[in-house]
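Visitor: Here it is: the structure, laid out below.
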Amino acid sequence: MAKAKFERTKPHVNIGTIGHVDHGKTTLTAAITKVLHDKYPDLNESRAFDQIDNAPEERQRGITINISHVEYQTDKRHYAHVDAPGHADYIKNMITGAAQMDGAILVVAATDGPMPQTREHVLLARQVGVPYILVALNKADMVDDEELLELVEMEVRELLAAQEFDEDAPVVRVSALKALEGDAKWVESVEQLMEAVDESIPDPVRETDKPFLMPVEDVFTITGRGTVVTGRVERGVINVNEEVEIVGIRPSSTKTTVTGVEMFRKLLDQGQAGDNVGLLLRGIKREDVERGQVVTKPGTTTPHTEFEGQVYILSKDEGGRHTPFFNNYRPQFYFRTTDVTGVVTLPEGTEMVMPGDNTNISVKLIQPVAMDEGLRFAIREGGRTVGAGRVVKIIK
């Protein structure tokens with residue numbers, strides 16, 4: 001069957017829902033798709049709650065990551081929306097999902113107000129570089145007391161300000177459940193939320209002018225056509241028939257040619273920064289490429305094993321370690337799409353690092369990773385996120 005071409009007429013924005021597990025992230029995601037489908041039926045298909053909630057499991061290193069991708073459009077923009085429904089691993093995996101957001105909708109239940117997870121998500125959003133957060137004050141139909149709503153709103157604004165997000169961001173009172181049920185007042189609340197998303201999340205500054213780079217998330221074999229790697233283009237543009245290099249993890253890099261680009265199961269002539277695409281690679285076997293590598297313009301990215309990083313170590317309350325760590329600590333460093341074990345050297349004069357500390361560390365990785373200064377990473381122990389940081393200096 002011939003594939004339809006993907007029309008690139010509107011700005012494309014990656015967003016997601018973050019927040020405490022029972023506050024209604026998934027219900028809100030379903031409500032947004034339904035309300036936009038009803039408002040712009042030509043532009044959107046509706047997605048049922050259970051289609052989103054039964055997110056495909058992505059198993060990585062023995063951890064189950066549930067992430068659901070939906071797409072929808074407003075008059076102004078085309079959105080790709082990620083939601084990781086209520087799984088206990090949500091927080092640990094936020095680093096993988098949140099890295100793909102140009103903005104986030106923080107879902108806070110008006111009935112509860114901000115919870116510890118709410119705080120942790122906002123903190124992680126800051127660490128992984130989500131540029132903008134606005135707020136959906138969900139379950140607002142269940143709170144009659146105007147003063148209580150204002151109090152919760154104030155708390156949420158303080159929370160945003162504490163992590164240097166815009167404390168004047170829109171806070172929209174919604175009821176995702178009532179909107180799904182078709183209650184006119186609350187349908188309108190979701191329309192208002194999406195207007196706020198359109199207006200407040202800045203147009204992403206796409207990195208289309210930089211050299212092409214795409215982290216590999218998954219690898220497939222398509223019978224008769226070859227090997228496809230999927231991921232979100234981090235920067236630059238890739239055209240069909242361009243040469244690329246596969247860098248990182250393995251001792252040596254591999255060159256190949258891109259023979260096809262697909263997005264949302266539609267063919268493109270090119271993929272550009274911010275697009276989730278599949279690239280068909282010429283002459284590459286399934287086992288020649290793996291998650292954690294990057295596909296890049298030849299000669300523009302180099303793999304490294306030693307670097308200095310500026311890190312924040314989660315406190316016990318944020319779900320982090322309960323005890324300090326010392327020199328030669330050996331956690332996993334999660335870069336883009338995969339974990340690599342590394343050995344930590346503490347700065348001169350520092351005996352140990354406590355949960356809740358900010359510090360600089362030197363790291364020696366056991367496998368090379370394609371990196372530049374400014375690249376962010378998570379620090380994990382057996383799949384549990386215990387810290388986050390960014391590369392400040394490459395040593396080797």
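Cβ from N, Cα, C; glycine included.
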Visitor: In Swiss-Prot, which of 19-26, 115-122, 203-210, 355-362 is labelled region 'G1'?
Guide: 19-26
Visitor: Pick from 10-13, 14-17, 138-141: which range does Swiss-Prot record as region 'G4'?
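Guide: Comparing 10-13, 14-17, 138-141 with Swiss-Prot, region 'G4' matches 138-141.
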Visitor: With DSSP helix as H/G/I and strand as E/B, how many residues of the region 'G1' (19-26) fall in helix, strand and coil?
Guide: 2 helix, 1 strand, 5 coil
Visitor: How does the region 'G4' (138-141) divide up by DSSP, counting helix, then strand, then coil residues?
Guide: 2 helix, 1 strand, 1 coil
Visitor: Going along the chain, which residues six or more apart from Gly19 (GTP binding site) have their CB under 8 A from its CB?
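Guide: Spatial neighbours, sequence-distant, of Gly19 (GTP binding site): Lys25, Leu106, Val107, Val108, Gln117, Thr118, His121.
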Visitor: Near Ala140 (GTP binding site), which residues of its own chain have a C-beta under 8 A away, given they sit six or more steps off in sequence?
Guide: Ala110, Leu149, Arg173, Val174, Ser175, Ser189
Visitor: Enter the number of other CB atoms within 10 angstroms of the CB of Lys25 (GTP binding site).
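Guide: Other Cβ atoms found within 10 Å: 27.
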